Structures are given as C-alpha cells and as structure tokens.
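Student: Pulled the feature table from TrEMBL, pasting it below:
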type: ACT_SITE; residues: Cys54; note: active site, cysteine sulfenic acid (-SOH) intermediate
type: ACT_SITE; residues: Cys54; note: active site, cysteine sulfenic acid (-SOH) intermediate
type: BINDING; residues: Arg137; note: substrate binding site
type: DISULFID; residues: Cys216-Cys222; note: disulfide bond
type: DOMAIN; residues: 12-174; note: domain 'Thioredoxin'
Amino acid sequence: METMNDQPVAMPRIGDAAPEFKALTTQGDIHFPNDYKGSWVILFSHPADFTPVCTSEFITFASMEEQFGQANCKLVGLSIDGIYSHIAWLRTIKEKIEYRGMKNVEVNFPLIEDISMEVAKKYGMIQPGESTTKAVRAVFIIDPKGIVRAMIYYPLSLGRNFDELYRAVLALKTSDEFGIATPADWRPGDDVIMSPAGSCNAAKSRVEGKEEGLHCQDWFFCTKKIDKETILKKILKK
Ligand code: BEZ
C-alpha cells in the first residue's frame, strides 16, 4: 500500500463501504457514516479556510442545503484546519461576504476539523502532486446504506459545479428507484436508458418493438419516458 509519512494512503472505490471515522465538527462530534444511515450524504473536502474559491463554494453549497435536504441528502465538509479557524471563517462568511447575490449565508452543515489529516488520508483527499498540506476538492456521494456511490475530484484552483452534484444525487436515486440508467446530461423528465438486452431473444423482442413503452434505436440502445412528476414524487420529500 502507498504511504505518506509512513501512514497508509487509501483511496475508497465506488461500491466500497464509506471508511469510518469519528471527528469533531462545527456542529459537534460525528461518527461517520453511522450517524448518516438512512440518508444520502455528500462528504466533501476543500483546501483551506479563508481562501476565496472555497468561500464561494461554501456560500453556494450552504444556499442549496434545503434543496439537498428535500432529496434526503445531507452535507458534510472537511479541511485540514482546526475548529476555531472553521468557526471564525464561517462567521466571516456570514458577516462580510457576498457571492452572486448570496449574502448573510449561514453554514449549518458540519465542517470537520482534520488537523491530523486522518480523515483526509482515509479518503484519498491528499494528493501530493497537488499539495501535501491541503486537501484537494474531493466529493463523495454516499447512499443511505453507507456505500460510496460516486466520487469526483477537482484540483485546488477549480471551484465545483453544485448543480451537477445535485443532478448526480437525483440521477443515482432515480436509478435505484426505477432500475434504469441515466444518459449524458440527464435531468428529471428526460428519457432514461434501459440496461442492454441480456439475451438474443430479449434483443430480438426489443428491435421488434414488443416491449411496451420502450423506444429502441437498436437492440442495445433503448430509452423509456418517465415523466418528471413521477420521478420527483418518488425521490423528493413532500
Ligand atoms: C481557494 O480556495 O481560493 C484556493 C485554495 C487553495 C489554492 C488555490 C485557491
């Protein structure tokens, strides 16, 4: 196993159980992922407190917290800073910083202190080619059973697109609920993708148009309509 300062450097994989940890956060102690069982959760890291790209990200994410909550998805942040730095930064954000018309934004989701880098190392958030002291912008989407379902990594200089993270959560939930896949740039209401036919007979019946509700351009490329209301009723809270 790869090591950094003689400590193992891990990299979770899609489909793995989310690595467990206990940590102090701006909202008190958490035991991850146990405390989040039954909810989707986005665990994300940022390089450092009091930095501008991170500040724009926190304002944006905090402004969307209710929207993510409607999708039963909680947010948990992390950086390699101490709790007092976190508290001071979040207070400054609320008191002084405006970004794209968003101001007086209170960050109510937990921000983990990780001075020891223990959590960052477990989640492959330290990528030495980028920095040995700052976490990259990592995103882990973890399902209600504590399984890592998606991972996205960005470098220090690149702020994330939070609409894409929301889209990814909705797409994963839709895939689970309806047993389908979602194509490029999919949004609720767009056609979904059926998994390819698993036998010659199934392929034949698909191209002959025998499967009700499917639109098949070829045996392996079949789509289906699921209207937006049907999807949102299933995946969003009332
Ligand atoms: C920022 O958040 O602004 C930032 C952090 C680390 C390196 C570059 C930019």
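Backbone N, Cα and C atoms are what each Cβ position is placed from, and that goes for glycine too.
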Student: Based on a Cβ-to-ligand 1 distance below 6 Å, what subset of the recorded positions Cys54, Cys216, Cys222 would you report?
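Tutor: Once distances to ligand 1 are taken from each Cβ, Cys54 fall under 6 Å.
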Student: Using Cα-Cα distances with a 10 Å cut-off, which of the recorded positions Arg137, Cys216, Cys222 are near Cys54 (active site, cysteine sulfenic acid (-SOH) intermediate)?
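Tutor: Matched recorded positions: Arg137, sequence order.
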Student: If I take the alpha carbons of Arg137 (substrate binding site) and Cys222 (disulfide bond), what is the distance between them in whole Å?
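Tutor: Spelling it out, the Cα of Arg137 (substrate binding site) and the Cα of Cys222 (disulfide bond) are 36 Å apart.
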Student: Once the DSSP letters are reduced so that anything not helix or strand counts as coil, what is Cys54 (active site, cysteine sulfenic acid (-SOH) intermediate)?
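Tutor: In the DSSP reduction, Cys54 (active site, cysteine sulfenic acid (-SOH) intermediate) maps to helix.
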Student: Under 8 Å between C-beta atoms and at least six apart in sequence, can you list the same-chain neighbours of Cys222 (disulfide bond), or say none if there are none?
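Tutor: Ile193, Met194, Pro196, Ala197, Arg206, Glu211, Leu214, His215, Cys216 - these are the non-local Cβ neighbours of Cys222 (disulfide bond), listed in sequence order.
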Student: What count of other C-beta atoms do you get within 10 angstroms of the C-beta of Cys216 (disulfide bond), across all chains shown?
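Tutor: Summing over all protein chains shown, Cys216 (disulfide bond) has 20 other Cβ atoms within 10 Å.
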Student: Counting every protein chain present, what is the number of Cβ atoms, excluding its own, within 10 Å of the Cβ of Cys54 (active site, cysteine sulfenic acid (-SOH) intermediate)?
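Tutor: Other Cβ atoms within 10 Å of Cys54 (active site, cysteine sulfenic acid (-SOH) intermediate): 22.
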